[in-house]
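Notes follow once the structure below has been shown.
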Amino acid sequence: MTDTLTPVAAPPALSATRGAISRTLASRPALMTYILLVLLILASTMVPRFAQPRTATFLLLDVVATLLMAMPMTLVMITGDIDLSVASVAGLSSAVMGVLFTGGMPFGGVVLICLLVGLACGLFNGLFTAYVGLPALAVTIGTLALFRGLALVVIGDNAVSNFPPAASAYATGSFGATGIPLVMLPVGLIIVAFAVVLHMTPFGRTLFAMGHSMEAARFVGVNTKRARLLTLMSSGLVSALAGVFWTLRYSSARSDNATGLELVVIAAVVLGGVSVFGGKGSIWGSVCGVLIIGVINYALRLNRIPEVVLVTITGLLLIISVVAPSVVASWSAWRHRRRRAREIDSTITTAGALSA
């Protein structure tokens, strides 16, 4: 008599763990990580001077401002809103920084005032969006021009430099031979803070709920107005901080600093998996989106590609990031309908054969 070996089913907990791991490895943030690694490998092998410690320094310094703005932008867009004024807030912060420092204010006080200006800009956007009820797109298009105009009023066509050497050295220095900029330490802490808020707190869960359905979130007791106000205020605050870094990085306070950077921020966030319709996204995905665009731009600059090409590529990435999820969803829905139709046809055929 031959014994028959019966397969032993995996414990439910183990199966659930395997399923969670599989979903994580196939998620949008994981896909962005794979793409980033592939781009780094390709750039290191194909672009001269890319695989050097100094490259890491300049690459990361180039993306710091974008990386900072992308963190609150992720939260804002997950709720279904958008903030097009981030670069203008950075420019206004830079202008205020230049004027106050020239006037003799201590550097610490200058930075504090700049952050308060950014917070006020975010409060302005939030009040008109959340409490007046205007669309965030319309409000921030207006404040994009308003804040940039205020920056021009504040500092004019002047450029202020000669900031404290210690602050400038910190904004441009690196950890020895590693090539990692010193400023990445506070930036990393900010990234972790936003990740904790979005993915590990009830407030973060309410943002996803608002993105899926603002009315449903309001129905279950979520204070949607306050949440939208807080996300836009955080966007203004962090954008002002990005403006401070930008000023120290390039040793120049100007009204046109960071002009056009809002396009790069939005492209990076959407590329990282944040839905333009809200309800989807992750901090790590946005980080990868910023780094992917940064690697592409820096590699092309090393090859002396014109700036207009870089802007064009950023625009194409934004379009692809918006269109691709819709195309994939439509394809999946079509395949599902086709499979269901086949199952129904098979059932009808089987029933007909049995009745005959």
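Note that Cβ sites are derived from N, Cα and C of the backbone, with glycine treated the same way.
What TrEMBL records for this protein:
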| type | residues | note |
| --- | --- | --- |
| TRANSMEM | 31-51 | transmembrane segment |
| TRANSMEM | 58-78 | transmembrane segment |
| TRANSMEM | 134-155 | transmembrane segment |
| TRANSMEM | 229-248 | transmembrane segment |
| TRANSMEM | 260-277 | transmembrane segment |
| TRANSMEM | 284-302 | transmembrane segment |
| TRANSMEM | 308-334 | transmembrane segment |
Are there residues at least 6 beyond the ends of the transmembrane segment (134-155) whose Cβ is under 8 Å from a Cβ of it, and what are they?
76, 81-85, 87-89, 91-92, 94-96, 98-99, 121, 124-125, 128, 228, 232, 253-256, 259, 262
What residues in the same chain, six or more past the boundaries of the transmembrane segment (260-277), come closer than 8 Å to it by Cβ-Cβ distance?
28-29, 32, 65-66, 69-70, 73-74, 77-78, 80, 82-88, 90, 144, 211, 284-290, 292-293, 311, 314-315, 317-318, 321-322, 325
Among the ranges 31-51, 284-302, 308-334, the one whose Cβ pairs under 8 Å to the transmembrane segment (58-78) are most numerous:
284-302
Give residue numbers and ranges for long-range contacts of the transmembrane segment (31-51): same chain, 6 or more residues beyond its ends, CB-CB under 8 A.
271-273, 284-285, 288-289, 291-292, 295-296, 298-299, 302-303
